[in-house]
Amino acid sequence: MFSFFGDESKLPASTVMVSRMTVKKQAVARQQSSGPMAGPSKPSNVTPKHSHGSLKGTPRSASEKGTPKQGPSSSSKSTSKVKQEERIRLSTIPRTPASSSSPGRLKRKTPKVQVVESESSSGSESSDGALDSKPKRPKVTRKETGIDMTPLPGEEVVGRRVFCWDKVDMRGEWGRGWAGFVGCDEVVRGNVQGWANGGGGDGSKNLGKYRAFFPQEGFDRDGDFLPSVEVLYPAKGCREKFVLMVPSSDREFNPIGELRNTLRLILEHYIPPSHRHIFGTLAESLDISNPLSSLPSRMTTPLPNSLVTPPPDPASPSPAFAFEISATSTPAPSTERQETIADLIRKSLAPNRRDGPLFVTAIERYNSAMQAIQEDGTLQQWLDEGMNGGKGIKVREWAALVDFVHDQAYSRVVGGYSHELEHHPKHPEEVSKAISGKEDAYGELRHAFMSKIIEQTKLGPDSVFVDLGSGVGNCVLQASLQAGSRSYGFELLPVPAHCARLQVREVQRRWAMWALKGNLDVEVHEGDFRVHKEVGRRLREADVVLVNNEVFPSSLNMDLADMFLDLKEGAKIVSLKPFVPEGFRMNESNCDSFAAILRSTQHDYYRDWVSWKGEWGNYYVAVIDRSRRIKFEESMKGRASRRR
């Protein structure tokens, strides 16, 4: 019976997988000098004229007809037959059996003959291509080392210091330590005090938007009393009071959710390995390193003080194992997992438990353990030496930490202005003439969008970032911390500009609370960026310029093009509308336009990357490249000289 791979009754027992397919003629007598095949077959560029279906009737050469047949032994006959059947099977290209193959099909050009290698061969590639009749480009094999292998997007390391635990006290407010940040309880009460006074809250009306989370007595609001706990941040002596209540609406600030994420990120990034058995982890997804996981994994790396192989049954230990344990000076690690602080937090917050007293106990244990590693220098030593200042943290993890810290600041000083931002006053009269009414809608680029811009433009500590139309300052602050760049923003509307100033102060205090190293050279300005005195100077320094011009009128985009003529060579412009017209080709009539010095590429942004719509869209990255225009001018001069 014929199958896809040939005659099944004649197949050998063992299976050999191949990474390339080949077509070979029937073996001729080994004595022939015209076609010896000593040793393993070698690659050839010769395409065989016949397929495997015609191997049965392959005629012998003329010289072979006159040669008397020699009588091979039965073993050599068997070996020759097995080799012939092996070649027939390995040379299969998906098609019908040979008996039905037409001569026209047999004359088709076939791929180059390659060396047939088994799956166990060290040089073999994946056998997935064995069923594909199309020739494939050979894969470039890289050295299997962590240095030479290209990491996946987001898996690269940051490569710079992002933690500065020893410098956080330098950023308190007027020497008062940690009195300068807006607390969680102020947001819940809607009564922001101090330098951020007038945060747009409703005072006592805000409390009606919250309800108790824990059902036990003493965990509900009683007049002005709000159930709360104090949590210690990584910075020494920095505590924040979190209200143990939840909002009735998803649009409101959620203190319980923020508290849980605060603890999760601290346990994930700040706890030394020597103390992780005390703190534990609050990872949202399945943690393969968590001993509670019932799923075994090859990716789990044992800790240095753990057993490489699982211990035997304690009820009947083997004599050899018992001898090894008694011979060592340190006791064997316990097979019973101790309950960590994270376990208590997870249990107390479980929807089917909501155990308030247990949660308070867990937070007390956490504060005591965190204070201990702060005071004895363990935490600082781990951040400075163990993590090398955070140089080894992955880009994806670093971006998530930045996103959360900045979201804390946004919730405290910008969230209260949400109504004013959605219904902000119109533009000043002198500006409204140049801007259409549809542009009078406030919108923000989300964190994921700015992370992509940082990656594409390669923003770094030596870069200068300028945001024209910076809103509440989200992108400016993200570039200053996530990329470490000097960042400057310019916003026309008064309400977003005021929120930006508040957010800069709150964000920098949050950096200190989390012991993060951001670039403190951040400025946000209010005014028309076309006439602001600082814009020209910052544009001449800029490496990356961001402008959300999706709804700008053509007149404003023309003004921007004139301003961008001062950008230095290699500077990048990120915009939501292109500055190079579609199908633009340089000629004598347009060689003096701004588009003539740009190299522009189009990219996609995804759903929820912008605040004003939930759909995907396009954005553009243009690079200042004056060499194209210079070459065009030289070619024009050459043509003019030839005409003379």
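Even glycines carry a Cβ here, placed using N, Cα and C.
Feature annotations, courtesy of Swiss-Prot:
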- 442-445, 465-474, Glu491, 528-529: S-adenosyl-L-methionine binding site (BINDING)
- 68-81: compositional bias 'Low complexity' (COMPBIAS)
- 93-103: compositional bias 'Polar residues' (COMPBIAS)
- 117-127: compositional bias 'Low complexity' (COMPBIAS)
- 131-146: compositional bias 'Basic and acidic residues' (COMPBIAS)
- 297-637: domain 'DOT1' (DOMAIN)
- 25-148: region 'Disordered' (REGION)
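Mean predicted confidence for the domain 'DOT1' (297-637): the pLDDT average there is 83. Secondary structure at Gly473 (S-adenosyl-L-methionine binding site), as computed by DSSP, is coil. Between the candidate binding-site residues, Asp467, Asp528, the densest Cβ environment within 10 Å is the one around Asp467.
In sequence order, Gly489, Glu491, Cys499, Ala500, Arg501, Gln503, Val504, Val524 constitute the residues six or more apart from Gly473 (S-adenosyl-L-methionine binding site) in its chain with CB-CB distances below 8 Å. Residues within less than 8 Å, Cβ to Cβ, of Leu445 (S-adenosyl-L-methionine binding site) and separated from it by at least 6 positions along the same chain comprise Asn474, Cys475, Leu546, Asn548, Trp609, Val610, Ser611. For Ser470 (S-adenosyl-L-methionine binding site), the same-chain residues 6+ apart in sequence whose C-beta sits under 8 angstroms from its C-beta are Val476, Gly489, Phe490, Glu491, Pro496, Ala500, Val524.
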